[in-house]
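Under the heading domain 'PDZ', TrEMBL lists 269-354.
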Amino acid sequence: MTIFKLIAILIFIGLLGLSVYTTGQIVQYLTTNENPLNFGFLDDLKGKVVTQQKVVEEESAVIDVVENSQASVVSVVERSVVFNFFSGPNLQEGTIGTGFAISPTRIVTNRHVVDSENATFLIVDNEGNEYEIDSIVRDSFNDLALIEVSNANFTPLEFGDSDSIKVGQTVIAIGNALGQFTNSVTKGVISGIGRGIRASSGYGSYQQLENVLQTDAALNPGNSGGPLLNLSGQVIGVNVAVGQGTENIGFAIPINSAKELIEDVDSGEQQKRGYLGVSYQMVDDRIAQLRDLVAGAFVEQVIAGSPADDAGVKSGDIITAIESEALTVARDLRSVIVTYRAGDSITLSIWRAGEELEVTVTLDAVE
């Protein structure tokens, strides 16, 4: 499995040095001090018939998707109070990400877009209307968040089936590029499926995300939480990250993961998901043979005080199986852990420096 060092698609106010009170977009004028160029009429085309270009079928489909979807895509705005020594506390506000409606009162975005503990958030639709947020449910496993807005009447997007996605399939991304260009549209294809990545905020923390979609559609800071759509206008992914120092390597969380979150919230089960407390990379059979290791989940870090820490799991361990069922790239650690609930006790088969052992872990609740 190829592991990318990634930077999550999260833009903060001040990143571009923009004023937080600016209502318009700050751009550089296309001016010059040189003498203007002289332009002549295209006289050589006189008498010639210029055939109107036909919009090909795919272009027409893209246009239809964009026109039908833009009203459902919203901006996620963060408000925070910043203390200045001279002027005292100042309220700062700015767009930090994107979201999209899945019902008249529900928005899906990324968890990392709304994870600040010292800020409040609001939703702004494409007409500039602002909506206060009633509640946010955060899914740390999948970097997803479900936002409730009671006084709204959004037009929801339709869900697709991310399990049926094919490599090479055309996709469309809509989001707030750089936090200021609302409803920017890019197009690309699905470059890969079932990817495993380490998504970094750029501030020293990172999260392992498995089974994500790879696309070459251009994604920019501010696109986090925006929809990745198929040509039928269905959401098949939630844009989440880009490859650091690369071009045309973006990633999205499969929409079926969001469906699971919604089902859990509606059934009251979301807060009961099990939590292990490790960051890891999957080691496949090929890498295992090359490195004289075993296949499984290579533990990079154990979170202090987590269930894994309490059970004695250590950095450098390779978790080869859970309840005697082997872990593979297709059946990775995260996808197995999320099937358990808080309070469940599970047996981990571990390879440690050439020795095999088993430990029992009692899972905690996801925070």
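Note: Cβ is positioned from N, Cα and C throughout, glycine not excepted.
Note that the structure is predicted; figures quoted are calculated from it, not measured.
Over the domain 'PDZ' (269-354), the average per-residue pLDDT in this prediction is 89.
Sorting the domain 'PDZ' (269-354) by DSSP state (H, G, I as helix; E, B as strand; all else coil) yields 20 helix, 32 strand, 34 coil.
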